[in-house]
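Undergrad: Before I ask anything, let me first share the structure, which is written out below as structure tokens.
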Amino acid sequence: MALGRGGSMWLSLAVVLCMSIAGSASEIKVGFYSDSCPKAEDIVKTELDKAFKASPGIGADLVRLHFHDCFVRGCEASILVDSTKGNIAEKESPPNETFEDEVFDVIDTIKKRLESTCKRTVSCADIIAFAARDSVVHYGGKYYSVPSGRKDGRKSLINETVDLPPPTFNLTQLTAMFARKGLNRDDLVTLSGAHTIGVAHCPSFADRLYNYSGTLKGDPSLDYVYAKKLKRECPPGNTVNEVDMDPQSSLTFDSGFYKAVTTHRGLFTSDQTLMSTYATSNKVYQYAKNPNLFKKAFATSMVKMGKIGVLTGKQGTVRANCRVINYS
């Protein structure tokens, strides 16, 4: 994930959006299922623990899944919906095609367990939010309470994934995209820290190696030694190889990402651009030096992001199958 045009227009827009978000998010709360499905979060964690044993890196994709869900239509599980004959869904878009099937399969497994315990009670949107939190904790991040009570949406449209920040964006562009979701630059710098875990496919940063800004050359801001390493792992035209986003500790939720960015080893343009202003670079240095400060801030920003465009009450539904929309 990577993220503005500053100015009064974006500030006004952010204020309006924040008011809208607050209005819909006011009905979600910590412990929403304490009476209707008291074991809900325990069931999510139990199934995730099994998934981690089978696929140690799956949690990074579950964190990314939450981000990709919330940035398109809000946190209402539209990313889980399968395409039909009459509709191409979000998961078919290029940014979402990189999710392995196992990511959606583990959500299905959790949903099946919950349906057998508390039928049509726990939404798919809340499952995503719980799974993202538990993944952060699994890798060493800070535990945070997840407000719940989201409902699932009734639409999933591939063309709406234009709301996902691409890894090629600079700070101005990213700030604008985040502002449209009611998130500020501190949230941008903080949430980018999710790149401390997981992998990236070569095409997502190949431009920095071979054709930066149409120059047919590499990005001069990328550390030379790191660039040589990436070229070995991602030769020209390779579309299948993967590299660790944080080579030193890709399965540990720490401040390694920020340390890499301070030494010009941010993998994406959207990572390295965090060093382009005094305010954002100062935040990067703070997090690089103080992992606990980063982990606390990340938990706060995740809760904030989890309130984007949520549906509550009759605004949405609770799907029996996360892949299929309920119209009732």
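Cβ atoms are placed via backbone N, Cα and C, with glycine included.
Dumping what TrEMBL says about this protein:
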- Asp69, Val72, Gly74, Ser78, Glu90: Ca(2+) 1 binding site (BINDING)
- Pro165: substrate binding site (BINDING)
- His195: heme b binding site (BINDING)
- Thr196, Asp246, Asp254: Ca(2+) 2 binding site (BINDING)
- Cys37-Cys118: disulfide bond (DISULFID)
- Cys70-Cys75: disulfide bond (DISULFID)
- Cys124-Cys322: disulfide bond (DISULFID)
- Cys202-Cys234: disulfide bond (DISULFID)
- 27-326: domain 'Plant heme peroxidase family profile' (DOMAIN)
- 1-25: signal peptide (SIGNAL)
Undergrad: Cβ atoms within 10 Å, counted per site: which of Val72, Cys75, Cys118, Cys234 has the most, among these recorded positions?
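TA: Neighbour-count leader: Cys75.
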Undergrad: Taking every protein chain shown into account, which of the binding-site residues Ser78, Thr196 has the largest tally of Cβ atoms within 10 Å of its Cβ?
TA: Thr196
Undergrad: Just how many other Cβ atoms lie inside 10 Å of the Cβ on Asp246 (Ca(2+) 2 binding site)?
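TA: That number is 25.
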Undergrad: Based on Cα distances to Cys322 (disulfide bond), point out the closest of the recorded positions Cys37, Gly74, Ser78, Cys234, Asp246.
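TA: Comparing Cα positions, the candidate nearest Cys322 (disulfide bond) turns out to be Ser78.
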Undergrad: Would you count the other CB atoms within 10 A of the CB of Cys322 (disulfide bond), including those on all shown protein chains?
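TA: Cys322 (disulfide bond): 23 neighbouring Cβ atoms within 10 Å.
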Undergrad: Whose Cβ lies within 8 Å of the mean position of the Cβ atoms of Asp69, Val72, Gly74, Ser78, Glu90, the Ca(2+) 1 site, other than those residues?
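TA: Apart from Asp69, Val72, Gly74, Ser78, Glu90, the close residues are His68, Cys70, Phe71, Arg73, Cys75, Glu76, Ala77, Ile79, Gly153, Ser156, Glu160.
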Undergrad: Drop a 10 Å sphere on every Cβ of the binding-site residues Glu90, Asp254 and tell me which sphere holds the fewest other Cβ atoms.
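TA: Asp254, out of the binding-site residues Glu90, Asp254, has the fewest neighbouring Cβ atoms within 10 Å.
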Undergrad: Between Cys37 (disulfide bond) and His195 (heme b binding site), how far is it from one CA atom to the other, in Å?
TA: 33
Undergrad: Taking Cα-Cα distance, which of the recorded positions Cys70, Gly74, Ser78, His195 are within 10 Å of Cys124 (disulfide bond)?
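TA: Hits: Ser78.
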Undergrad: Using CB atoms and a 10 A radius, I'd like the single residue among the disulfide-bonded residues Cys37, Cys70, Cys124, Cys202 with the highest neighbour count.
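TA: The residue with the most neighbouring Cβ atoms within 10 Å is Cys124.
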Undergrad: Which of the recorded positions Asp69, Glu90, Cys118, Cys202 has its Cα nearest to the Cα of Thr196 (Ca(2+) 2 binding site)?
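TA: Comparing Cα positions, the closest of these recorded positions turns out to be Cys202.
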Undergrad: May I ask which of the binding-site residues Gly74, Ser78, His195, Asp254 is closest to Cys234 (disulfide bond) if we compare their C-alpha atoms?
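TA: Out of the listed candidates, the nearest Cα belongs to His195.
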Undergrad: By CA-CA distance, flag whichever of Asp69, Val72, Ser78, Glu90 among the binding-site residues is nearest to His195 (heme b binding site).
TA: Asp69
Undergrad: So what pLDDT does the domain 'Plant heme peroxidase family profile' (27-326) average out to?
TA: 97
Undergrad: In Å, rounded, how far does the Cα of Val72 (Ca(2+) 1 binding site) sit from the Cα of the residue listed as 'substrate binding site'?
TA: 10
